[in-house]
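**Student:** Here's a structure for you.
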Amino acid sequence: MRAVVLALTVALVASQQINLVPEFALDKTYVYKYEALLLGGLPQEGLARAGIKVSSKVHLSAVTENTFLMKLMDPLLHEYAGIWPKDPFVPATKLTSALAAQLQIPIKFEYANGVVGKVFAPAGVSPTVLNLHRGILNILQLNLKKTQNIYELQEAGVQGVCRTHYVISEDTKANHIIVTKSKDLSHCQERIIKDVGLAYTEKCAECTERVKSLIETASYNYIMKPAAAGVLIAEATVEEVHQFSPFNEIHGAAQMEAKQTLAFVEIEKTPVVPIKADYLARGSLQYEFATELLQTPIQLTKISDAPAQIIEVLKHLVANNVAMVHDDAPLKFVQLIQLLRVATLENIEAIWAQFKDKPVYRRWLLDALPAVGTPVIVKFIKEKFLASELTIPEFIQALVVALQMVTADLDTIQLTASLAMHEKIATIPALREVVMLGYGSMIAKHCVAVPTCPAELLRPIHEIAAEAISKNNIPEITLALKVLGNAGHPASLKPIMKLLPGLRTAATSLPLRVQVDAILALRNIAKKEPKLVQPVALQLILDRALHQEARMVACIVLFEAKPSVALVSSLAGALKTETNMHVASFAYSHIKSLTRITAPDMAAVAGAANVAIKLMSRKLDRLSLRFSRALQRDFYHTPLMIGAAGSAYMINDAATILPRAVVAKARAYLAGAAADVLEIGVRTEGIQEALLKSPAADESVDRITKVKRTLRAIATGPKPRELLKGALKALQEGIAFQYAKPLLAAEVRRILPTAVGVPMELSLYTAAVATASLNVKATITPPLPEEIETMTLEQLKRTDIQLQAEARPSVALQTFAVMGVNTALIQAAVMARGKIHTIAPGKVAARADILKGNYKVEALPVEVPEHIAAVSFETLAVVRNIEDPTSERIVPLVPELSLQNPQTSYVGDSSSEIPDETPVRAAAPFHKTLCLAVPYIEIKGCIEVHSHNAAFIRNSPLFYIIGQHSARAAVSRAEGPAVERLELEVQVGPKAAERLLKQISLIDEETPEGKAFLLKLREILETEDKNVPVSSESSSSSSSRIISSSSSSMSSSRMTEYLAPHGTSKAKSSGSAASSFEALQKQAKFLGNALPPVFAVIARAVRVDHKLLGYQLAAYFDKPTARVQLVISSIAENDNLKICADGALLSKHKVTAKVAWGPECQQYAVTAKAEAGVLGEFPAARLELEWERLPVIVTTYAKKLSKHIPMAALQAGFKFERATNSEKEIELTAALPTQRSLNVIARIPEMTLSRMAIPLPVAVPINPDGTLSIHIDEDILSWIQKHIKEE
């Protein structure tokens, strides 16, 4: 042991004697061979990758003791897009030649004790080229300690100041020192990174505790040889990996791999000579962002004349998106945005002046400019509005999108503030509100990027709030609160507190809505400073002097602040004595719903809720829906790191018709980030006031009647009539327009430097363009009067309107997910590209003859493209450079039928490896076409599906996704006679019979023809029954025992108790033989024999061969017997298929209906009977379903379903017992002990189900005698009767 200690001591002393500072002598030039490689793709061999390679000689020489020159000699750039590792790198000759002059300019840098200081270069060296030099200097960055062999520190590098671990060892035999350092790029004091489009997302730290979507690490290995005054770096190798997956990395991940080697070659005497130019200070070793911020990674455009290129792309978009959207329109729209980003304000002004008077060009520009997201655009929009060159709708749309896209720096915030305070904006309240809310959102975005953002940014809003409070200006107070809520800055807590109810006496006199807005303004502050907001919110909830709505809103704020177990338990304890049932119900339902939350960021709250719910009364669980409620549901799948959550809050009030407020919110989780996708809130107090204060409402009637009369007054008032007249006038003149709407739906980017000095990017782009062309022409007989305002309602009723319309809506959408190198000079990336292209042309003709009661709609043939819908998704490796656009190479990430490396190929689960000697061949692509022809109308639809993925390598979600997938849908004519048109005609009134294309008749069973038909049908059915296979399945005895032991039978007297409607005996004594349904049917089998149809509906296909195909419906109504009959029949020749529905209101308490179908409505039949009356002491209703024969498919699925009924019934709280009930009958009896509870008994074949005292969410308006207390509006009844009787 002593010998070991002695040896270690000697080694340590020896190492301390060596100066570990890298030596570059003043009179020598050190020559190194340098090679850097940056590749992106999946780590498995046999798949495609994309990347670049830089090779060069590096000359280093000292100018002074701490100042050095570095020059690249013979630099060469290579690009790669191919199957790794068999395909070679390709020299980027033209790009190398274009950059050769820059690359060979020497740069100057400070270097002392192994640490790189300032970097100097002439102005002619671009940031991109200088970053390549920084990649080499990064290798020379060495913080070597003499007294420690293993240590950790935060070290500056190209990527920032990050945690670095050093291990120093000595190889005495080889006489060299080995230094290993590793960097954890996920833990940096200062990380060089740029995020775009992520301002409204939140980092879910809890989501990435166990699994991560992005892992970054770097390893450096040095071999050093002792020199005269230090050490000589003989060889250095760097390996850096950036691994990303939208799912858990254990399921596979794409990665960017950077490798560098710097090997010593020789020492020369010729020094490196700087060029004759001023060497300017260009920062430090840290990466400098260049033009990649303006460069989209999905296409590479050489910008030589931005204004001319903008006009060229704009004209292309206008010309190629007229009748139908162009397939590549979204990509062109993104290109237009990129060109506008590099344009100056003067360029944009000139383009606007050229096209502002051309409506189509103007619309495209106003859709593209806001998406540019630069301060120049915000300034442009502001100036054009103030100059009255933009309408208010154009200004609002442009400004909202621009503020969403622009980077929120101090200059942009100041620009927005000046716009919000402008006198022209102040004169339009709605517009001012939009600008002010945008101002608050800009501050919130800035504070995400700069957590130490100053409270001074909110000073104008604080001053507005203070002034509004002093003047008691309620609208201004509300607006200020909303702005402060959007900003969410903790400095706003004090001004908001002045307006919170209960905490300040001045706030108590404010309207309830202001109090609620003040509480809601705390929500975003709670995300940053939850400890400040939690006690305030709890105090508001527990203050019983406050309005219940304010207390419930405070409950929402409290739980969004993620309270601790102690706080939630305190709330639960206080609610035990709560007297306000709305507050109790809301808080209880909120806490209960939180117990089921699975999202990682809410895990602590869910745990607290599970503790608190045990302290609360279970009686609160039985409160009905008329009390306020909160509901939260979510789904989170940890292995895939995806999830969604939804919450809904309904705040009720006993004194209002509608809920006072309804709020719903949706939240999404993906790859360790969370975002509130959508939030909708509605307050109904204004609606209720309008309804109740309407002149049509009479103060002497009840509240519901007031609302009904007001709505009817609105529907029949002068304004709707004027709108109808205006629409008719426009139709008569004809409508023809073509419209295109582009949208940049998503632009999410993360740009970060690699060790090589080249930036890598993770990005998601989604762009869409929708176009629509519409032509409408109407013929109105008699023509409308010249002064349409004089037209009366009676004249309108006598008008015959014929309408023809043709529309061709189409949509093209493209989405790109990119990982790779993105610069203005070269792009090399792996990319997932999805495309959707749809077109749905249609042509219809319609006619409305109001006087004759005839309405017809025709679908006419229209020319359709080869595919009406196409969806594709593919993963690619792409490389392109700006100097040689024609050399772009695109390689599928998964090659078809390619030979895979057996050592990295997997089948099935990742744990099962393929033996080394067995080569794995990619599975053949899946390709299938499915076609279906629609009979009669001779239309054929086909779907073609193609898929090829990498699941043969590994059975995980990522490998199922990568590859090529596509689906296309086509519609074409099938074989057979062509269809001229499809018709749907409705005839109301006595002329309905004339419109029927085929006489309707039903066979009478008593006639000889009827008996013969029934005999023949019976023979056919008996033959079918013999051919149907009979399978007997017995349930397991164990499951029967389980069901029997957990079910209890109801008393037989309860089961057989009969519904006894009041007045039944009187009805029997005074009624005729026709009081039963069967008697009514015997009296008149078919109402059409004695009565004309009330209305008729004919749906048919008109073919060139004039063959009748389609169906017709006739409706008959016999008022004396209150009987309705519907008959649907085929109009085809020799087709006697019919559907008959026959129903009658037998009494105030009883309705019966029969539905039969098949040949002459004789094959299948179901009878339904519904009764209302009294069961024992309670109002009740009973529904019976009886059948003689049903289709085999119905009985088959019913038997399968019946096996699951017992367990489902028990889980739903029903009692279950086996019973010998009728095999062809279902009976459901429901009784109402109270208006808010229900007793149910259900008898179905082989079993009986029951449940007592089921709570109802709303009161049922039923009288003690079983009749419903619902009054049908007499005006509605008279309107229906008028149209039925009208001739």
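The backbone N, Cα and C atoms fix where each Cβ goes, glycine too.
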**Student:** Under TrEMBL's annotation, the disulfide partner of CYS207 is which of CYS188, CYS204?
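**Tutor:** If we follow TrEMBL, the cysteine bonded to CYS207 turns out to be CYS204.
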**Student:** In whole Å, how far does the CA atom of CYS162 (disulfide bond) lie from that of CYS204 (disulfide bond)?
**Tutor:** 22
**Student:** May I ask which residues of the same chain, at least 6 positions away in sequence, place their Cβ under 8 angstroms from the Cβ of CYS207 (disulfide bond)?
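**Tutor:** Once residues fewer than 6 apart are set aside, CYS207 (disulfide bond) is near PRO600, ASP601, MET641, TYR669, GLY672, ALA673, ALA674.
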**Student:** Could you pull the average pLDDT for the domain 'Vitellogenin' (24-662)?
**Tutor:** 90
**Student:** Within a 10 Å radius around the Cβ, which one of these disulfide-bonded residues has the most neighbouring Cβ atoms: CYS162, CYS188?
**Tutor:** CYS162
**Student:** Provide the number of Cβ atoms within 10 Å of the Cβ of CYS204 (disulfide bond), excluding the reference atom itself.
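**Tutor:** Summing over all protein chains shown, CYS204 (disulfide bond) has 21 other Cβ atoms within 10 Å.
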**Student:** For the C-alpha pair, I'd like the distance in angstrom between CYS204 (disulfide bond) and CYS188 (disulfide bond), rounded off.
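**Tutor:** On Cα coordinates alone, these residues lie 18 Å apart.
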